[in-house]
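Listed in TrEMBL for this protein:
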DOMAIN    B:290-318  domain '4Fe-4S ferredoxin-type'
DOMAIN    B:321-350  domain '4Fe-4S ferredoxin-type'
TRANSMEM  B:21-39  transmembrane segment
TRANSMEM  B:64-84  transmembrane segment
TRANSMEM  B:96-114  transmembrane segment
TRANSMEM  B:134-159  transmembrane segment
TRANSMEM  B:205-225  transmembrane segment
TRANSMEM  B:245-264  transmembrane segment
Amino acid sequence: MHVVIVGNGVAGTEAALAIRRRLSPQDARITLISEEHPYFFSRTALMYAYMEKMQRRDLEPYEREMYRRQKIERIQNRVVDLDADAHTITLRSGATLSYDRLLLAVGARPRMVPFEGLEKVKDGLVHFVSMQDLDHCERLTWSTEEAVVLGGGLIGVELAESFVHHGLKVSFVVREPYFWPAALAAEEGEIIGEEIRRHGIELIVDQELKTIESDEAGRVSGVGLSDGHHLPAQMLGVAIGVVPNVDWLREVKSSPELGRGIRVDRSFRTSLPDVFAAGDCAEIGADGEVPLLETIWYSAKLQGQRAAGAILGDEVSYTPPIFYNSSKFFGIEYTTVGECVGVPSGTRSLYRRHESRPITQRILFDEAQVRGFSMLGSRWDHTLLQQWVAERRPLSYVREHLHRAQFDVEFGRVDLSKFQEEERTL
Amino acid sequence: MRQKGSLGWLKHDLTHRGPTAWLLTLGLFAFYFILYYGGRTLAGVPIPDLFTPIAQALHLPSKWTFYGLLYTLAIAIGGAYVIYKYRHNRYQVIRTSVVIFVQATLAFSVPWILTIFEQPEYYFSYLWPLKMEYFYPSTILSMPLPFILFSLLGSLIMVPLLGIFFGKRWYCSWVCGCGGLANTAGEPFRHLSNKSSKAWAFEKWSIHITLFLALLTTALVIASWGVGENYPVFAEQAASLRSLYGFVVATLLSGIIGVALYPVGGTRVWCRYFCPMAAILGLVQKFGRYRIRVKDNMCISCGMCSTYCEMGIDVRAYAQRNQDFVRASCVGCGICAEVCPRGVLRLENRWRRDPQELSMDALLNETYRG
């Protein structure tokens, strides 16, 4: 059997490894195709490479030797055509590859909107999701004094932090009234906003980007905001989300069914025979269901592993686990589990705030059980929090056992009794 | 990408094996060479003794005391930098304070004060097999009883017992001077350790070979003291092995190679590949309570943990496989947990995880298991 995997990101690589764990090289030939980088690298660590905390080689989670030992073939090229009847794909180099099973793990690309003046921009506008974006940022940093970051999400903060590290004057433009309302409540958003400002970044909320200005050479020179303000900038970082990287599939000979992403059922099968999709590019759900698009590292990893099972003929029915995520905004760590935003009205919220330090916990619950946790400024064991949600534990139980889920370093655990509490109905 | 400006260039060059880093390594080699061989003649060439006059000018008893002073200063200044850098992390602040304190007292002032009171110079922070002479009969006979008791009980009972409960970290990154220097003055170079599986394979052999040599040397020296009078050849062989071990392990590996290679080879070359004490403690650690716990499915494979592991452990390999682990070489410095942006890792001293009433696997993974 020849399994061809397009995309060597986390979903593609995990799928390849999962297949290899079960089938020897005699039973399965595995080919990984990617244009971006010859080896799997950790996209999540791009900012550390940019900030010189890591070297590029350190971004690779597996030793290069591993591909040789596991007999996983790699091709650095771009797939330009797919013929499902002939079971072949065509590369830009002109070569044609036949497959028995094909996994599309092509990920996502940065979302973009047609800002005014965009057509004149030839340089200075950066995204921050690919290795090429990193090259681009590094090339521009030397000639940049001021930068603007657009978009109130995680990649935006990462980019802003990296810019600050390089001594640029950074303005961070967020459309919403406070930072990241998609995940945080107003109080927490304010704390993060404070942290962002504390690092010398001008955080501009409630503003949209209207125009992009550029000089004669086409290099970004500034931006105009919706309130008429003008910000000078030689670099503009646009981090307003990502969209599944599927446009190229509209032009191939046999195109799988597409929604926002590649439509797959819960076993990662596309509408084409023997073609599967997983990771950021996959839109999961049978007809009539609300399609699921997950763009988180851990989800992509899990999807890659499950898709490998489906490729090998297992009965797979993917259901995402109780939602969890974690991140870090400069020095503040954040863990979220379960439902925290967009909860049904009537849900109760217990908000606990440390007297002097930016440490908070928010627990959402109703009469019967806890529903979600949003923890800021200290470390938590999400598996235990997830377990309490799954076990439908009442608030009283959770409060009594909360200390068990603390995950901070020795000597660093805060005394959970020293928190101001506020309970309210949402 | 390095930071702008010539200072940015220098910082990058010094911490990424650039010409400056190699120059610094050469300088350190020269320093150790003159420290060890100054005043002697090697192959007809007299080596100038630069450090004895400095020691005399400072009213220090010998150049070794001067070296001890430099060493203590390096740990204190580097330690202040580390405390500042990790000031939000109490584990690092406390650990580094203890390292500075132990170096300033047990490893520097106490032995010096002992000599002032005309007592034998004794280092309470070093035990057998790191300090092999403390087990030699000739040393034992010349020492006061409390020192002998500390040597024997410390090495044979305290070390393994503390190792069982806290892993080797209580020693390697809280007490030991070699680890102390690595974790303070060596901080800017900790990411240079080799993470490849080849380095791991080498480490497993090299460190246990030194341990074996340490055990063999100690045994032969003790035996030759007992029976040496009847077997002069045997006693001679034991003495030459002892001096060879002293030269290769104590001088060459722990001093010259161990420290001079910081800027190009990372900080824990000695501790990781050669230290016999680390070898024993590492074996104890594998069966004790210490381990690094990994939060399930939270690792984003960013690799900060592996990059900053001074012992060259590929921590990420465990973290991305959701595997709690104990590695013999882990010195429990805690930097992997500190640099992890997702708080995935934690150092623990427990036999096992909290009892879980209902396993997470049963609840969550069941649904998507094929």
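Just so you know, glycine gets a Cβ as well, placed from its N, Cα and C.
Whatever TrEMBL says is automated annotation, not expert-curated.
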**Item:** Overall pLDDT for the domain '4Fe-4S ferredoxin-type' (B:290-318), taken as the rounded mean
**Value:** 94
**Segment proximity, the transmembrane segment (B:64-84) to the transmembrane segment (B:96-114), 3 or more C-beta pairs under 8 Å** = yes
**Message:** So if I exclude everything within five residues of the ends of the domain '4Fe-4S ferredoxin-type' (B:321-350), which remaining residues of that chain have a CB under 8 angstroms from its CBs? That is, six or more out.
**Reply:** 86, 89, 91-92, 95, 165-169, 172-173, 179, 183, 190, 203, 207, 268, 271-272, 278-279, 282-283, 285-286, 289-300, 302, 304-313, 315
**Prompt:** Using DSSP, how many residues in the domain '4Fe-4S ferredoxin-type' (B:290-318) fall into helix, strand and coil?
**Reply:** 9 helix, 5 strand, 15 coil
**Message:** When secondary structure is assigned with DSSP, how many helix, strand and coil residues does the domain '4Fe-4S ferredoxin-type' (B:321-350) contain?
**Reply:** 5 helix, 6 strand, 19 coil
